[in-house]
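The following features are taken from Swiss-Prot:
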BINDING   30, 31, 32, 33, 51, 87, 88, 89, 90, 91, 415, 494  ATP binding site
């Protein structure tokens, strides 16, 4: 069994502080519009350049096991804030460092860490209430663009693209970020329901120049199983031929005799028809076919519910205004489903999103929801080099997360001012003894983001903090223009959700560290020197 090494009391706290400082000092240089980049060495490929706090934090592992424990705990603050709010990781790290530093001094001076923890929790609860009172909902696309711009390190183009994407697909829509093949950053919006299945045969193409199938006002047959026997398909094809309308077949697969007959009839001009494979696999495929049926007002042909393909009538088929199919994707625009049925389906998917514990399932459910209600927007990020593209893509993802958070819970003044404006609420807390010291720890920590933003801009942090404290509302220091002004009017705003989670997560981990009095780690094993190589009887040879 491995031998353990134990550190107690002041020695343990010093080790934690060293680890916290090492990680936080590397992360906090990135804060604010004048924050610097951090270069990360990779085991393969070029180094990564980033200004994202959580990316820097995740790269840090320290040689000293006790210091590393402190660093890993603060890394957890950044990761948790990133997972839940999507941004604010640097702020969270700075707050955790400030709370632990002030608290550990008081513990060393003889204060009770459990009472300090209680005071910290009461102070954070009061600050969160004040943030919620301060918060305002996002009014328009301009404010969403401002949030995105601030989060993307003052890149106005990124802010505008994300605001446009949010405007096009709504807050329920899915916005994905991909690497472009050119130097331009562009936005592509897919309206309607799109899934990643193309035509089964290129013979179905109606636009040879673009290699696309375009069907106007088609009927849509949704079949759960494979279709290979023409006899099963014949009754519905006869009804469609009489109507003279186009037909889209969505099935697990269309093959053999059935596919050959469809292709021949399409080439002769007897039928306007196309076939695509059903999206997804297993239970997810069933759910997506049901979504498609609800959206188009049709029914899923499935033997599970006693419906056979040969018995299908036109009433069982879905309708849509337009269907576009290329070799990779199918897009269905303006499905004819009943509004009430679509709303019921949306409500059901939202309930599943709330209930699921799997991040993967939640992501897939949100994609399904977006396809029914909003649509999908793709931001294609372009840059001159691969290194720049990766850095820019990370900033776009940060900005996207921040704008979603802003739409969800509203916005507060940026630049660390919102946290400073919580100080009067903390001063009003009527606490005595050790609890009051816990509140003072948080009050000191709330100044730290403004101080660090000013330091990174080349100003004296303490002077800036005092100046901002004398103001009211959203009056603060704009580190980009280096002037004191109304930050909300200047477009320097933060999502309430991001600021709230940064404070709550920082206080949670820092107060846990404060109550630590012993640390246990595996003792490093002494490496035995390798034995000398034998001379093999050749010592005297030169």
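Backbone N, Cα and C atoms are what each Cβ position is placed from, and that goes for glycine too.
Listed in sequence order, 36, 37, 38, 50, 51, 52, 53, 56, 90 are the same-chain residues six or more apart from residue 30 (ATP binding site) with CB atoms under 8 A from its CB. Residues 30, 31, 32, 33, 51, 87, 88, 89, 90, 91, 415, 494 are listed as the ATP binders, and the farthest two of them sit 17 Å apart at their Cα atoms. In the three-state DSSP assignment, the secondary structure recorded for residue 88 (ATP binding site) is coil. Scoring each of the binding-site residues (32, 88, 415) by how many neighbouring Cβ atoms lie within 10 Å, the top position goes to 88. When secondary structure is read from DSSP and collapsed to three states, residue 51 (ATP binding site) falls in the coil class.
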